[in-house]
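Per TrEMBL, these features apply:
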DOMAIN    335-425  domain 'Histidine kinase/HSP90-like ATPase'
TRANSMEM  12-31  transmembrane segment
TRANSMEM  37-55  transmembrane segment
TRANSMEM  105-132  transmembrane segment
TRANSMEM  152-178  transmembrane segment
Amino acid sequence: MRERLVSVRSAATYSLINVVTFPIAVAFFCVLMVSAALIPLGIGIITTPMLLVLLRNFSNLERRRAGAYVDRPVQTRRLDLSGRGFGAFREALGDRLIFRDFGWLFVRFTAGMVLGVLTLILAAAPVLSILLIPSWQLLPGLNVAGVEITAWWMALTLLPLQAIVFALLAPFVTPWLARVQAQLSLTLLSSATKRELADRVETLTETRESALVAHGAELRRIERDLHDGTQARLVNIALRLGIAERTFADDPAAAIKLMQQARDGAEEAMTELRDVVRAIYPPILADRGLAGALSALAARCTVPTTLDIGGIGLYEDGTESAAAAETALGRIPAAVEAAAYFVVTEALTNVGKHSGAKLVTVWVRRVGDDLYVAVTDDGKGGINEDGGSGVAGIRRRVAALDGAVTVESPLGGPSTITVELPCGS
């Protein structure tokens, strides 16, 4: 019973917001129409982009609100205009979602208003029916299901009966009406158009091709490192041991020296082999997890580095703090852990080489099914992605996992590289 009451209250709250904001929607629609009418005069070219940015913010609020009501995560997209004047106007109208936003605004104060009022009336009907009992004489023509109330016995029987009927209907009908409103908003505001799905497929195809190319290059690099480095040392070790075996009877001292050289060569080969393996999947990730591995990276960085992992600050290699941070992040696939580790490694290397920074902050959060990693430094900024900054490599590695990279680096700093990696549940 309590769950039913909660569902009615949630539906009424959702619909009440729709009804209360109805005048705002109407006024905004009218202002937008006036601005569009002024486009031929040039005034609308300036005002329309600003209004469309406000419309996008308004529609994003509805996307989040409707998504929360139907318990479905909804992606929002900001309308950021980099140009001015006609450039901003063309950029705003070129956004694929803007016409969906406009269509939603129109439906918002037509069908949305009707559904919202119906939901509120049905939710309040049981209480209103009871409140009408003592005042039925003040409302001539008051009727229940077409039967006019003309006596107290009718008011005391028909109105409570009506209240019971509405009370039985409200827990089922009001949430359904509210869900219809939310689904209508999400349908109108959804970005999954055929064109955008085609663009998404094209993007995934390109990133897959890039990932295959990068994977092939990585395999060739590993083969080259093993062939030119480790294999050559192992061959040299085998030769020295063979010579030592043949000369041991005649010259034990020379044989022992050769075996010592072979031992040194074996240690060097092991070091090189560890470097090759580390480039594939850092052993420290398996030993200490992502939080511990990033803590070790921060300790080795030439620039003072602070870590904020899962809301837990790590300044030194503290086992308890790293364990708590690992718990906050939850279980992360190995491929995502490796990508996050390499992103931070590359970013910290770039900071040490190019930024002139005095402080670096590494921020890591798990939000739903996504892992966010941000590296911020207080250096000179102005990252040049084509100038050996390593950002291109970060983009390739992240794109292989269908992630996203954002670089913010104005001249004078600060610089922030933010990475979003899907990591599943």
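Glycine is no exception: its Cβ is also placed from the backbone N, Cα and C atoms.
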Tertiary contacts of the transmembrane segment (152-178) (same chain, 6+ residues out, Cβ under 8 Å): 4-5, 7-8, 10-12, 14-15, 69, 115, 118-119, 122-123, 125-127, 129-130, 132-133, 136, 144-145
Distal contacts, the transmembrane segment (37-55) - CB-CB under 8 A, six or more residues away: 28, 31, 79, 81, 85-86, 88-89, 91-93, 95, 98, 101-102, 105
Rounded mean pLDDT for the residues that make up the domain 'Histidine kinase/HSP90-like ATPase' (335-425): 82
Secondary structure content, the domain 'Histidine kinase/HSP90-like ATPase' (335-425) (per DSSP, counts of residues): 30 helix, 29 strand, 32 coil
